[in-house]
Amino acid sequence: MTSDKAHFTKLPEPIFGGDSIRDRLNDEYLDGIENYIDELHAHLLTIQKDETDARGEFAEDLKKLASAKPGKKRTNDETQYQQMFQSRMKKIKSRRKHFRQMLFDAFDERKKLIESMGLQKREEEVLRRKLQKLVALDNEPVEKAPNLVDLFFWVYLIFQVITCVIYWVACDYSDDTNSPPNMGYTHRSANWYTIWVHVAMLVLAGFSFFYTFMRKYAYSAISHTFLITVLAAQWTILHLIFWQNVDDGGDWARGDLTILSLIDGYYGATACLITFGFLLGKASPLQLVFLTLFEVGFYALNRFVVLMVLDAVDIGGAQTVHLFGTLFGLGVVGVQTLIGQLLQEDKERLKEFEKDKQSSYVSNIFTLLGTLIMFVMWPGWNAAYAPNGSQYRVVVNTFLAITSSCIMAFLTSRTIRAGKFLMFDIQRATLAGGIAIGSATPVVVSPGGAMVIGLVAGIVSVLGYAYVNPAIGYFKIHDHAGVLSLHGLSGLLAGVAGIISTAIACQNDYVFGQPVEELFLRGGSQAGYQVLCLIISIGIGLGGGIATGVVLFFLDMLAQYVPQVAEPEKMLYSDQRHFHVPADFERTIVPSKVR
């Protein structure tokens, strides 16, 4: 018999061409095909061994029959051995044919994939990649770190030194923080600590997990959220001290720091984190520091005009934080998108990273964890700035609104998503009620009114993601985190609800037993100032975002043309851009045809 071992002991040489590996998913899939071919190869070698064994056993049987006496029994035995041998060989040939066909199909698949990927020197690339996995390092060794890291280091260091000096010179503790020993934890400053914990948990833990939905961006989402929060919190406190001195008539006294000051810092950080939702996977840490510094300045300005000059009421920051942060981010990405289109940005190159912005089963679970943390902490968030005597009413109304939006988010999602829930809707729209009740509304509405606001917010948020997000997508503005549908539309709804509820409440002298003048500094004309609050927050948020977007564009241009700050090839939606990742970061996709 002529051996056909040559057909399967050596793989055919692939056809190579192109410049470099550009698609990691296809690259890993090609590894899977290689492993699949190796398995088929092993099966064919096993079949060849079975064939050799069968022929050897048949030869032994014939040898035994040759020594037997001629006769009918010998003839019958010989016929039986031949039939058994032929049956066995038939099965072997059938198996060989089956696995050969699978092998040839795999060869064709590999050839097509290689040609489409345009690889060059495949063997060297595979060896290099396997070595990287063994040492669990990124493509760039540590000793070849780009110069951008140095610039990042110096920018943050200089900023932190300046911040320390300002705190040293301009800040002090208030009398509230010097509690006499006999007052203990009953002192009023201690009462703020619980609220501060709620706010801190919502901002740090809630937003960190909330932004982990991209399957390869969890390191960056959590770490950048952490970095933005601490940077913005420090900077916000200083800005608010400055504007407080302006409001006091220019008496430049040292700022008194209290626990409420720390809550102020987290509120400013939240506006920056909402804007960060538009830039997930695209902004570098260096861009984020400038984004944070500029946005905190505009946030503090807006807060000064709205809350200190106009005496508007925005208890939960629905307009000064959520709506402002959304429009600021929309302005930033709008400018960058417009400039990118004018400069004819390489769209084909950007498509390479589309797969990495998708979510996975596990990443969606962590995002839902962030949703649950926010859900629990939101009543405390809204109650932080509540007027005296209304704090508990704000907590109750926030709870009723956010639970109502949760129910409507589930119902609306199932209704418009072909009878099934969409996890994106559940992760985001369930929180809409907490934002929508966060203006002047929670101190004046009844429990039933709070629930109605929550119901409307849940519906609006789900419909916003279903219809508004695709609409802005036509303008090449991508909102992967659903910022517009959650924070933007809910903040706008909160502004409208605040205007209406305030106008109704101000027709009476008392609201739930409290004088109107005690709740609203502008008394019966408060509704008009709520209208101005909404308009000014929209204007400063959008205008500040556009201005900051221009600055970030020039920063990006600087990074491209100045060698000292040049960044390596940009990888979007991936932790590999800024982190050393473990060996299992890239998972090989192995076809499972061989059982």
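Glycine is treated like the rest: Cβ placed from N, Cα and C.
Annotated features, as they stand in TrEMBL:
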- 197-552: domain 'Ammonium transporter AmtB-like' (DOMAIN)
- 151-170: transmembrane segment (TRANSMEM)
- 190-213: transmembrane segment (TRANSMEM)
- 225-243: transmembrane segment (TRANSMEM)
- 263-281: transmembrane segment (TRANSMEM)
- 288-309: transmembrane segment (TRANSMEM)
- 321-340: transmembrane segment (TRANSMEM)
- 361-380: transmembrane segment (TRANSMEM)
- 392-411: transmembrane segment (TRANSMEM)
- 423-444: transmembrane segment (TRANSMEM)
- 450-468: transmembrane segment (TRANSMEM)
- 480-505: transmembrane segment (TRANSMEM)
- 529-555: transmembrane segment (TRANSMEM)
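Sequence-distant residue pairs (6 or more apart) of the transmembrane segment (450-468) and the transmembrane segment (361-380) include fewer than 3 whose Cβ atoms are under 8 Å, leaving the two stretches without contact. Contact between the transmembrane segment (151-170) and the transmembrane segment (288-309) is present: at least three CB pairs lie under 8 Å, with pairs separated by 6 or more positions in sequence. Residues 179, 184, 221-222, 225-226, 229, 258-260, 262-263, 266-267, 269-270, 273, 276-277, 280, 359, 363-364, 366-367, 369-371, 373-374, 376-381, 383-384, 424, 427, 480-481 of the same chain lie 6+ residues outside the transmembrane segment (190-213) yet bring a C-beta within less than 8 angstroms of a C-beta in it.
Two recorded stretches are said to be in contact when at least 3 C-beta pairs lie under 8 angstroms, sequence spacing 6 or more; the transmembrane segment (529-555) and the transmembrane segment (392-411) fall short of this definition. Counted over residue pairs separated by six or more positions, the transmembrane segment (423-444) shares fewer than 3 Cβ pairs under 8 angstroms with the transmembrane segment (225-243), which leaves the two as not touching. Only pairs six or more apart in sequence are counted, and the transmembrane segment (321-340) with the transmembrane segment (480-505) gives three or more Cβ pairs under 8 Å, enough to call it a contact.
Among the stretches 225-243, 288-309, 361-380, 392-411, the one making the largest number of Cβ pairs under 8 Å with the transmembrane segment (263-281) is 225-243. The average pLDDT computed for the domain 'Ammonium transporter AmtB-like' (197-552) is 90. If you look at the transmembrane segment (392-411), the same-chain residues 6 or more away from its ends with a CB under 8 A from one of its CBs are 315-316, 375, 378-380, 382-383, 386, 421, 425-426, 428-434, 436-438, 441-443, 445, 447, 450-455, 457-459, 461-462, 512.
Non-local neighbours of the transmembrane segment (361-380) in the same chain are 194-195, 197-199, 201-202, 205-215, 218, 394-396, 398-399, 402, 406, 423, 426-428, 430-431, 434; each lies 6+ residues outside the stretch with a CB under 8 Å from one of its CB atoms.
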